[in-house]
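The domain 'SSD' feature in TrEMBL is assigned to B:271-393. Residues or ranges marked as region 'Disordered' in TrEMBL: B:799-824. The transmembrane segment feature in TrEMBL is assigned to B:35-56, B:235-260, B:267-288, B:294-312, B:339-362, B:368-396, B:433-451, B:634-652, B:659-681, B:687-706, B:727-750, B:762-786.
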Amino acid sequence: MRIQSCFRAALAASLLTLHPYTVALAAAQATPLDRPAQISRLAVHGALLDVAEVGGRLVAVGERGHVLLSDDDGRNWTQAEVPVSVTLTAVHFADRQTGWSVGHGGVVLQTVDGGDRWARQTDGRALGGALLEALRAARAAGDTALADKLQRFIDEGPDKPLLDVLFLDGKRGFAVGAYGLVLATDDGGKRWRVACELLDSDEDRHIYAIRKLGNALYLAGEQGLLYRSTDGGNRFARLESPVEGSWFGLIGASDELLLFGLRGALWHSDDGGGHWQRLPVDTKYSFAAGLVLAGQGFLLADDGGGLWQFAGGGTPHRLENGARFPLTGLTLAADGGVVASGFAGTLRFATSGR
Amino acid sequence: MAVSTQEFESIARLEQFDHRSGNAVERLLFNHRGLIVLLCALVTAALAFSALRVQLNASFLKTIPNQHPYVLNFLKYENEVKGLGNAVRIVVEAAPDGDIFTPDYVGILKAVNDEVYLLPGVDRAFMKSLWMPAVRWIGVTDEGYEGGPVMPEDYDGSAASIAAFRDNVLRSGEIGQLVAPDFRSSIIYVPLVEQAGQRLDYGALSDRLEDIRTRYEARGVHLRITGFAKVMGDLIAGLYAILAFFAFALVVTALILYVFTRCLRSTLLVIATTMIGIVWLIGFLPLLGFELNPYSILVPFLIFAIGVSHGAQKMNGIMQDIGRGTHKLIAARYTFRRLFVAGATALLADVVGFAVLTIIDIPVIRELALIASLGVGILIFTNLALLPILLSYTGVSPRAAERSLREERATDTAAARKHGLWRFLDLFTRRGPAAWAIGVALVLGVGGFLVSKEVKIGDLDAGAPELRADSRYNIDNDFLVRNYQAGSDVFVVFGRTEQGHCADYDKLLQVDALEWSLRQSNVVEGTSSFAGLVRRASAGMNEGSLKWYDLVANQHLINGSAARAPRELFNATCDLLSIYAYLKDHKADSLDEVVRVVEDFVAANPSAGIRFELAAGNAGIEAATNQVVKSANVRMLLGVYVAVTLLCVIAFRSWRAVLCAVLPLVLTSILVEALMVGLGIGIKVSTLPVIALGVGIGVDYALYVLSVTQAWLRSGATLSEAYYRSLVFTGRVVIFTGCTLAIGVGAWAFSPIKFQADMGILLTFMFLWNMLGALILIPALATFLLPAARRDAPSGLAARSEAEPAPAEQPARPAPVPATAVRI
């Protein structure tokens, strides 16, 4: 069942339409966007949704505004102070000090000290102005499809999660999210604008990943959503998706791409997404994260806790050292080990051949 | 109370006796003694027949405080949100070399599941196992969100269907709940219904479960069964072992009684009348609608011990009269005349101890108190009236009678011939040893008090503390706790909203925050609630992408989850949410901690639109029980001491004497709590009554010893003389009583049921320590508190003015005391 159709049909009657950007909340009640993350011994065993390595440090983000830091390659973790307690879905660093994390409620957080402290750059409520601005621009341009989409965002309130974040340098970055939401900034996030016009006007599918591979930018998402930009993100064009299933991510280097997603879908391209070949994998689980291993092909993690290795040409094979919980993110630690984030904490292991 | 030295005429020939003498009750009983015996025989036969119908059972609702706000909430919401109180968990563990993904295991699981499903009392709609269609998996496909029963509908034992079953289990969310993370066992969760009018027979249920266990264990699997019903079943099974202890107590008591009297006839008679009293008691239970439960099963022991000690007194009097040559019928009547009021008053003092227990709002304790009161009431007839009547037929053995008289005469002669024990106890009437005794008691009292402050309320051990740590039940429970997140200790918090608003985002936000607060606690191993389900379902409805794992501020998404939510998370009218906290144990501290977390949360988060109410689940109910027990402990001790003090005031009419009687009891009460700290026993439903019983029965000793002492003091004797008089007359009875009671309950220490063992140890301690207190501390305190007695009562005449008329001898020369009567 797709939730969106019924979601939209019932929208007119929704309480949420009473006032733009006001969820039906008791006035006095703090929402997870206002409540700082609680420092908890449970954070290291909780749901983590992404992990990144920067300057020898590992940074993992997850539920309830948890940000975990490890300075010993994933063996021990400490929790950072974060001003929100919504689920954080992705983390990305532009350099050793500067990084961003995005999450539910449209929140964008920034750190300028390598992850120790995080400050809010914007959230779904603060984006109201940006949305109105984008709406005016769309109307001025006569793009009714885009205007309708932006109007819906305004009507529905700040419930749209951001699902991934990418910075090309310290200034220029993108955050992507549910229902085709795209945010962009040119000043390191001081000011975020709504940049849905970069995609097709009526794009309303979830965007799960934004990646820069080689010189191109790629978007991958729900129901075969696939875009590519070859001009540094000024304009994204649809790529032909080999199937209509949802994509949760893609990895690669220059023109060799690996696209992965729902229920074991794994496709390979040698020409930057022009043509795709299916790689058969015997699993019902969905691939959630991937990692390029220098000289050893690719590593993939699925939401059944399984780990798969695929060296160019062969078929992917399942590694023994999986997790008992769904995996969500992969990164290479400074010591060469691989660290995965997952539904019940992190997992540290060495890849075979090392 | 007054003690008289009234003497009755020794009449050897019945014809010389005036049958119209004595009071109306005595004439009624003894002038129609044939009829009375016949009536008693008929009543005994009828009640024995009735006694056969007595049920051994236990009721969950009876062990909990029914007026406590938590329990009221639980009872109010019980029908709306099922399975919160009383459930059995059956863990089916695969053969040592296999896991749950084998056709053998799945087949056996189905067979066990189907048998359990049909057991009486099972709330079938809420039963859960891998074979129940209500247990579902959630998954994602290219088309979106899908789900189905964990057990494939077309399961046929083939490798393909086993593989499908395995996949479903992995994505069911039941790992740690119904399925062990090592995939070597799974749970059949069996909620039980216990409603008025259709009582659950826990004994029979447990037998059926044991039968299932035996048959399927023969097929290679292991079955582990936990839950209140199983505890009660095991307790009921353990009750049969209790019968062996009863037999032991009976034999040992009879032996002691024989040594005390040296008369087989009267020994048997005392045992027989006491047993008649117990038959009557048990016979009355079905007529009054009572059942015996694991708590009240101990009452017959107490009644037996109390009955025998009072019977022994009767016999003592009759023997002395017969020894003096009085006809047996007349001796019986004399004894009745002298001791009926005294004995009845002493038994009423016991009743006070029991009656105070009824202020505790826990039905099993009330029942125990009522049954015990009834039992003591019956003893007033059987042991104070029927026993003398029967003795009037049988008499006593002449040699025993002579011996009794000889002993009594011997004690009348020179102090130089005092028995060694009496000489030792006499030391405490001197200031030096008395001061020492009081000093030691003070040190013990203060030390004991400091230790007793550590006494805990509630259960101190994990598992079922009713049973021993190495019992099968507790081994099974330990397995469950180690292998499953959702162990057997569940604490439920209710969230009350307006009708239809249980799924509102802002309400769920608060539920989610409370759930997270609970999970911060070290005693909480896991939680579940509708808010938690929405978090997961949000991912489930977005193709399983965990990036959606949050309580999304999107009412439509939440409503979509509500449609698939299990029934235990909120009720049909959508105004009640249940938040479950799975605790690592149900120790009192753990429960306090959980209650504190919830109360702190409610205080810190003034709720808008949702009201959090405590509590249900076995742990929630136990938290309520602990609170009731804690407040009841103070009130009960106050009540029992007020009652005992009043009784002593009436009996002694001297505040100094009251202090002498009550202070040793206070020391015992303090020390028993210290002992509980030392033995790791908490104050709980099973041990609370013990403290009251100990005081209620303990005051008997003080009454016996002090009343005689006080009377002799008032008639001008020195304390040493007076105390010696009291020792040779009532002191021996006190020692006998202390030993009989201690043996009667001491045998419980070997019970397979832990709380009975605890009760036995505590009661034995209290009976023996009260005995020592009465024999050592009373004279020691009297040395300092009652020295002025001589001035209060300068002559024996003054003493006697309060006592029975007809003085018999000069108190200044109190040597010959042919028959001393105690009147309380």
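Every residue gets a Cβ built from N, Cα and C, even glycine.
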Recorded stretch, among B:267-288, B:294-312, B:368-396, B:433-451, B:727-750, maximising Cβ pairs under 8 Å relative to the transmembrane segment (B:687-706): B:727-750
Among B:235-260, B:368-396, B:433-451, B:634-652, stretch most in contact with the transmembrane segment (B:294-312) (C-beta, under 8 angstroms): B:368-396
For the transmembrane segment (B:659-681), distant same-chain residues with Cβ under 8 A (at least six beyond the ends): 441, 444-445, 447-449, 451-452, 454-456, 460-461, 637, 641, 644-645, 648, 652, 687, 690-691, 694-695, 698-699, 702-703, 706, 758, 761-762, 765-766, 769-770, 773-774, 777-778, 781-782, 785-786
Region pair the transmembrane segment (B:727-750) / the transmembrane segment (B:235-260), three or more CB pairs under 8 Å: yes
Segment proximity, the transmembrane segment (B:267-288) to the transmembrane segment (B:35-56), 3 or more C-beta pairs under 8 Å: yes
Within-chain partners of the transmembrane segment (B:267-288) [C-beta distance under 8 Å, separation at least 6 from its ends]: 40, 43-44, 46-51, 53-55, 250, 253-254, 257-258, 261, 299-300, 303-304, 307-308, 311-312, 314-315, 371, 374-375, 378-379, 381-383, 386-387, 390-391, 394
Recorded stretches the transmembrane segment (B:368-396) and the transmembrane segment (B:339-362) touching, at least 3 CB pairs under 8 Å: yes
Contact set, same chain, for the transmembrane segment (B:762-786): CB under 8 Å, 6 or more residues outside the stretch: 425-426, 428-431, 433-435, 437-438, 441, 654, 656-657, 659-661, 663-665, 667-668, 671-672, 675-676, 681, 687, 690-691, 693-694, 697-698, 701-702, 704-706, 709-710, 713, 719, 723, 727, 731, 734-735, 737-738, 741-742, 745-746, 748-749
The domain 'SSD' (B:271-393), counted residue by residue under DSSP: helix, strand, coil: 109 helix, 1 strand, 13 coil
Per-residue pLDDT averaged over the domain 'SSD' (B:271-393), given as an integer: 84
